[in-house]
Structure formats: structure tokens, C-alpha cells
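Here is the structure we will look at, set down as C-alpha cells.
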Amino acid sequence: MMLSRAKPAVGNEVQQIDKKKKKGKKVPRLDELLAQRDFTGAITLLEFKRQVGESEEDTELWIGYCSFHLGDYKRSLEVFKALSQQEGCNPDVWVNLACTSFFLGMYKEADEAANKAPKSRLQNRLLFHLAHKFNDEKRLMVFHQNLQDVIEDQLSLASIHYMRSHYQEAIDIYKRILLENRDFLALNVYVALCYYKLDYYDVSQEVLAVYLQQVPDSTIALNLKACNHFRLYNGKAAEAELKGLMDSTSSPIEFAKELIKHNLVVFRAGEGALQVLPPLVDVIPEARLNLVIYYLRQDDVQEAFNLIKDLEPSTPQEYILKGVVNASLGQELGSRDHLKIAQQFFQLVGGSASECDTIPGRQCMASCFFLLRQFDDVLIYLNSIKSYFYNDDTFNFNYAQAKAAVGNYKEAEEVFLLIQNEKIKNDYTYLSWLARCYIMNKKPRMAWELYLKMETSGESFSLLQLIANDCYKMGHFYYAAKAFDILERLDPSPEYWEGKRGACVGIFQMILAGREPKETLREVLNLLRSTGNTQVEYIIRILKKWGKENRVPV
């Protein structure tokens, strides 16, 4: 249910809908065509009468009206604007001009025209929506109070609830109207859309099926069905649902075409994003958000930030995405300010009454506490939703880090090893946490193998430091000594020599206690011989003497 655009679209070409062929010789009357909602036929009749000199007083008004209902807002605007400039024009022209301007995203012009129109329920509904567009709460409440308990006004109220993310309130209104008007089939699409927004995708499908049984070629309904399939299954299943629309010989209005192009990019995991999404950024609200997501997936955090920094968030999705972008930029730049902003956005969504019990709301609270390094609280929220994310690599990455941060290394290791995404598995954060889990779980050799697979870099040096220090603390002296030995070769710092010396002595003590094979002594001596420190000869003499006494070849 797209009530309006975000961008004026007067310059767009609008496709004319194919004219239906009418059987029989009888010329239909205008009121019959309007009752059948055959607006193409109505325009054809009106234009024919005008050509043969039989046009009536309100011919142009009806042409503008029919063009509006065909989605040809550009032509409708031209007609109503011309009528408004005539002396003594029909007062209805102003509210019609306002409606057309509204649907073209020309909200200022719509407001000016609406205020010139006579007071009516339609004028009040339009001003109600304009107040929402202008974020004018005071005006919004004034026009809200003028709404009556009639279908049009209640539908208008439901759409405002929808746009303000009050989906349950909108559902309640639609269901109440449906109870009394079973033939209002299109309301099922609106109900289905609300359930979609509430993440009840299976319920949305059930409600949508009622409408599609009667109108199987509905562009909006099929698009929503595809979106449900995307959430329930995958992008291929979603794209298959749109195939009929893409192959159709009928021409949906231009906005529906743009919506389909946009959604195909999402279904195809961002394929073609840079070609399709930029022109739609100010037309389809989600296009900006999806382009930001695309940049984040390409690790272009700065470009994502540039695109979203001036967006004033008004929906949970916008707050969440601004939080994610600020968190990513904060980590990349080491900026406490960006991390603080991210934490506040996450807390705002996760703590709100409407989102606190939703999956995204709980993810937000987990993210908030993650940035605050309160990992026990992180786990409270992640544990409550983990059943929904068993195979989600990003979720498991964060979940495993939180497990490890509270010292639950056994479970953390298990979750880390569930991750399949190669990009995550090559990330230093993943490697360092997994290495720590291996060491804490008495598997130092596996941590060492992680290091051996890395290319020489600043990250491999940092991992070596972690292995050296963690293995030393845990009494895995053999791998601590090997790590300190390489560190000493790369950087002849006294602290690395001291670490290696302590680890080598630790290995010797374990040999004496029978917890390490005697043959390891030879490797310890080789490690010590690679050091130029004066203390090393004394240690080597003691070890060699013990080896000779215990018949250990050195």
C-alpha cells in the first residue's frame, strides 16, 4: 500500500493502459463507465464527444478525474491546473488538484490547493495526510478530530496508522470494516501488508490468498506475495513469484514497475544495485535503505554513512540502519562518538513499547549491550531469539563472541565452528576469538594451526601475541614457547625473551612431572639456541646435563 511518493514525479513518462475493446454497437453512457470503473473507456467517450462538439460543462473535470484513477497523475495535474486558472472554476477543482499534487509528491502545492477548496470530508482527509507528511503533530490532531465514523475516513486513519508503524491499530480498523463489507476484497491486501510489517509472513500469505483467488493478476498483491516468499524461503522463490508480472503483456503503472525493479535487486542479493537503486532513492523510501545495506555489504562504510547521515529516522528500520552504520564507522575509525550514537539508536528501538518484544527489538538491545560490553545482558536477549537464527552466520558470530566474553569458551567454540561464511572466517576478530577458545578449551595445537594458515601481516603478529600470552597463562608452554620464539625473531624485545625463557622452563618442569614427552627437550634446546641473550647458555647447560643423566638425546 503505497499512498504517495517521496519525490515529485511530474517529469516521468506515464504508460497508458491498453484500451479495452467494447462489444456491441450501443454507445455506453458516462455514468455506466464510471460505475464499472472503466476509466479508459470513460476518457475515450469524453474525448470523442469533445471532438464531435458534444462536450458537456464538466468534460475536462471528468477527464482529470479519470486520468487520476488510471495513475496518469501528470495529465490529471495539467487538466486540473488549467481548470483552476479559469474564471469562476468549479470549486471541486481545488481538492482534485490537491489530490493529484499529493500523489506526485508535491506536498507544498497540494497544501495550498487544499486550503482553497471548500470544506469537505475529502479535503479533511487530504489535510490529515499532509500534516503527517509535514510532521506537524498539532495540525494532525486537529484533522484527526474531524474524522467521522464513515468508511473513507476510517480507511484514511488506518493508512496513517500504517505509515506511523502502528500496524495492529491499522489491522483492527481494516478487520472491522471487512466484517461489515465482505465484498471489499482489496482490504485483505492492506491487512496482509500490515502482517508482513509485523513479521508474520505466513499469516500475511493466508490473508493475501483470499484476494488473489479473486484477482490473480494484481500487481501489488503478487509483489507482496513475492516479498513474503523472500522472507519465508529465499530470493529465488521470491523472484519466481514476480516472473508472471515481468512476462505479462499488460502494463502496470510506472510506480509498480519501479517497485518490481527495486525488489528484484533485493531478491538477487544486491545484483544490479548501483544501476537500479540510485534513481529510486527519493521515489521508493526503501531504496535508500537498501542502497545503504548494499554499501555495508561491500565494506564501503563511508559511502553508506554519506547516504544515510542526513536521513531523519522515523521508522524502526531507519533507526536500526543508522545504528548499524554508526557502529560500523565507529569501529572502523575508532570513534567513540559514532559508537555512542549507535548505542543510543539501538536502545531507542529496543526499549520502545512497539518493538521491545519483536525480534529486531531484541537484536537492538543485544547490540546496545554489546557496545556497552555488558555481555551477560547481551546473552539474555540473544538466547531469547537464537531459535530463529540457527543457520545465520552473522547472528552466530555475535552470539559466539558474547559467549566467549563471559568465559563460556566451550559453547563459544561450538558456535564459531557453525559459521560457514568465508568472509567472517577470514576476519581477524573471528580468528582471534576462535584461537582463544581453542586455547581455553585445551586445544592449543588448533590455535597454532590457525596462525600457520595466515599470511605474514600485522594481524598475524597480533594473533601470535595472543597465542603466546594465552598459552602461557593456561600452562600450554610448548606453544607459548614457539610463539614467543617467532615474536622474538620479528622483534628482539626483552619481554619476548622473558616470555620464551619462562615458557621453556615451564616445558622442562612439565617433562620432570611426566606431563610432557622427554623428547620435547631437544626442541626446547633448539628454541633457546636461537636467542643471543647471555642468560641462555646457563639454561642450556642445565637442560643438557639433565638430558645426559636421563639418557635423552639432545
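Cβ coordinates are placed from backbone N, Cα and C, and glycine is handled just like the others.
Here Swiss-Prot flags 1-23 as region 'Disordered'.
What Swiss-Prot records for 57-90 is repeat 'TPR 1'.
Across the repeat 'TPR 2' (92-125), the model assigns an average pLDDT of 96. Among the features that Swiss-Prot reports, repeat 'TPR 2' is placed at 92-125.
Summarising the annotation, Swiss-Prot assigns repeat 'TPR 3' to 151-184. If one looks beyond the repeat 'TPR 3' (151-184) by at least 6 residues along the same chain, the residues whose Cβ comes under 8 Å of a Cβ in the stretch are 1, 3, 121-122, 124-125, 128-129, 132, 140, 144, 190-191, 193-195, 197-198, 315-316, 354.
Same-chain residues lying 6+ beyond the ends of the repeat 'TPR 4' (468-501) with a Cβ under 8 Å from its Cβ atoms: 435-436, 439-440, 442, 444-445, 447-448, 451, 461, 507, 510, 516, 520, 524, 527-528, 530-533, 535-536, 539. Under the heading repeat 'TPR 4', Swiss-Prot lists 468-501.
The helix, strand and coil residue counts that DSSP assigns across the repeat 'TPR 3' (151-184) are 27 helix, 0 strand, 7 coil.
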